[in-house]
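Visitor: The structure is given below, and queries will be raised subsequently.
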Amino acid sequence: RSSFFYVSHWFPQTQISPKEGWQVYSSAQDPDGRCICTVVAPEQNLCSRDAKSRQLRQLLEKVQNMSQSIEVLNLRTQRDFQYVLKMETQMKGLKAKFRQIEDDRKTLMTKHFQELKEKMDELLPLIPVLEQYKTDAKLITQFKEEIRNLSAVLTGIQEEIGAYDYEELHQRVLSLETRLRDCMKKLTCGKLMKITGPVTVKTSGTRFGAWMTDPLASEKNNRVWYMDSYTNNKIVREYKSIADFVSGAESRTYNLPFKWAGTNHVVYNGSLYFNKYQSNIIIKYSFDMGRVLAQRSLEYAGFHNVYPYTWGGFSDIDLMADEIGLWAVYATNQNAGNIVISQLNQDTLEVMKSWSTGYPKRSAGESFMICGTLYVTNSHLTGAKVYYSYSTKTSTYEYTDIPFHNQYFHISMLDYNARDRALYAWNNGHQVLFNVTLFHIIKTEDDT
């Protein structure tokens, strides 16, 4: 078999990014002879952060500055040299005058003495010029010696990093990143292995709320939506980018026709999906059109703190999206208060298929979907971890042990974004992001 496993660490295009460059953490073979590799994918500009490349660039800049200084000195010495040549002509004239004086000292002594004095006065400025000329010559010698030393250092660094200049190295890294990112885009779904972070993006709002981006938006569309509180609110704030969100520069606000319940909303393909307050009705609201496109009751779903997460807050119905589509996670009396997973039609909100799990909804801190698998945390407080997962592909479950750092002690929203491959969270009035590490199986043409 020629398939191999791939563990990918994803970093969304915000403040999350590794500080180092490309790194292969490990590689080995499993019992079937398949290659197992762990790789960290950095942001596209991280070559410039590499210590050796940065040192090389600084030295090259220093050499360039030195060369410019030498050029200035050279121009100045050339100017002085022309002045010296002029003085040489004058000194030759002076010598001729002396000969003339010797030939006729008596008759023309007074006249030639005056001319001699004038010539001497003209030569007086030559003395500081010659002194400066000697100083400049010493500086040039020193510069040349320093450049020779720097050249030796540069040669050593180039040999150490592969005998390529900085720009060539940078282009090679960019090419490698492009090829690997193209490969990563072809990857199918992966299994959650690790959660790292968080990175705090902003501190705002109440203890409870939601913030999100659209996983189906284009790469240039980085709008952020912000929904503070879990009840008694209808205002959605929009920001054009993460940077605008951090600075508080709103681009637009939306006044929804209904209040929402909970914090488990999702933006998907340009529309907001949320649970209508005091009901099990799901609303689809188009941001572009500014109106409700669909609404439907989620049959038998508990609502209004009948089956919430451990923290309460009318979190009975959790709407989420992943690589496969739109989902609703909730509980029913028919399933004894245990979690039910339903895949929804994004246009009509009809339930296309449901899975009944054995995990009590009231014992879950939060949950999120990745690649058709539901991951459930055991708490919303300190010490929380992903404790349970259910695969809709195989209709099987397993108990897991994936810890994560609950930095601000109380999580009221935790959702996966398939485009960023990160977890968005509302952590006690802080908007934070977590990295996720996924485990992929890449199949080649030889697989059957």
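A Cβ is built for glycine as well, from the same backbone N, Cα and C atoms used for every other residue.
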Visitor: In TrEMBL, one of 140-186, 187-233 is tagged coiled coil. Which stretch would that be?
Guide: 140-186
Visitor: Restricting to the same chain and to sequence separations of six or more, state which residues have a Cβ under 8 Å from that of C189 (disulfide bond).
Guide: E323, I324, I370, C371, G372, L438, H440
Visitor: Among all protein chains shown, how many Cβ atoms are found within 10 Å of the Cβ of C371 (disulfide bond), not counting that one?
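Guide: That number is 19.
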Visitor: For the domain 'Olfactomedin-like' (188-440), what's the model's average pLDDT?
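Guide: Mean pLDDT for the domain 'Olfactomedin-like' (188-440): 96.
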